[in-house]
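Comments concern the structure below.
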Amino acid sequence: MRWLFWSSGSQQAPNNKDNNNSNNNDDDDDDYDNNINKRPPLTPESPSPSHPPCASCSTQATASFSNPRRDWNTSLTAHDWAGEFKDPRNLIPTLLLTGGILFCVRIHRQYLRRIPLATNISPTYFHKRSLFGRVTSVGDGDNFRMYHTPGGRLAGWEWLPFRRVPRVKKELKDRTIHIRLAGIDAPELPHFGRPAQPYSHAAHTWLTNYLLNKRVRVFPYRQDQYGRVVATVYVRRFPWIFLRRDVGLQMLRAGMATVYEAKSGVEFGGEGKESKYRRAEEVAKRRGRGLWKGWKGVGWESPREYKNRMAGVEGEKAAAAAAAAAAAAAAAAGVGGMGELGVNGEKN
């Protein structure tokens, strides 16, 4: 049984060692507490025991607190700003931000800037770019006014509070573009002292029902002598909202206009469009649509013939008025000359 006592003794030895270690640790803790209690309290004048005093550090601190007004030029030039800007971490974001701002400005000027009047349209638009807007009024059978809305609904028009098309006539003054339909000529309404041409009210009513308050796409070609923009106009109408329709072509098919006839300066938007317009006019003429009803009868005249006749009448009136004015002036001069002579034919 001796080996049992030996084994039990070997097992108790570590326990005794652990007890001794715990006792030693307790003694060390007591010594540490005593040393802390015996250490004098720190004061602003006394240095930290773990950090010995440094003469250079105290000098720098004293200088910084004693002179609050520092030399800013020295402090700014002391930093390597050029190196900071050349750092890719700063240079790349700066270039991206600057490029993005310039790109947005260019997009706004080229595509999102609103054009208030026809006279504000740059010649760079003609035959190259288009305008998008809403029709606010129809003045005649072949012209109307449009409020330019660049970008359409994608740019916030019609649904953002600050991008609304005005409805009041007073608010639309000097803010709409006057459009003249290219390639067609509709009967004239009464204006400038001229009487109305047959089917002029019908053509005006047709165009009003077709375009008023609709969004249209305008392809400008030039400005005419009245400050209007001669352009081809497209509109989308229900139920064929995915198919845009040429407004001038639709008027020719309905017999509400004729192909514009002039010696020079006629805009169609291309030779192909002119031939298409003439075919549509020929079909409407054969079927007697609109103003082509009874066009073979006596007294019928096209819009161009009406304009030529009215121009002749106005020319005759102007010539007669000029002759009457000259005769009156001559008569007044003759009466004045007779008054200057005496009874015996001598001057007074």
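Note that Cβ sites are derived from N, Cα and C of the backbone, with glycine treated the same way.
Pulled from Swiss-Prot:
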type     : residues : note
ACT_SITE : R180     : active site
ACT_SITE : E188     : active site
ACT_SITE : R228     : active site
BINDING  : D185     : Ca(2+) binding site
COMPBIAS : 15-24    : compositional bias 'Low complexity'
COMPBIAS : 41-52    : compositional bias 'Pro residues'
COMPBIAS : 59-70    : compositional bias 'Polar residues'
DOMAIN   : 129-294  : domain 'TNase-like'
REGION   : 1-70     : region 'Disordered'
TRANSMEM : 91-107   : transmembrane segment
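Here the features listed in Swiss-Prot are placed on the structure.
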residue	record	DSSP class
R180	active site	strand
D185	Ca(2+) binding site	strand
R228	active site	coil
So which recorded positions are near R228 (active site), with CA atoms within 10 Å, out of R180, D185, E188?
R180
Pick from R180, R228: which of these active-site residues has the biggest number of other Cβ atoms within 10 Å of its Cβ?
R180
Restricting to the domain 'TNase-like' (129-294), what is the model's mean pLDDT?
92
Cα-to-Cα gap, E188 (active site) vs R180 (active site), nearest whole Å:
13
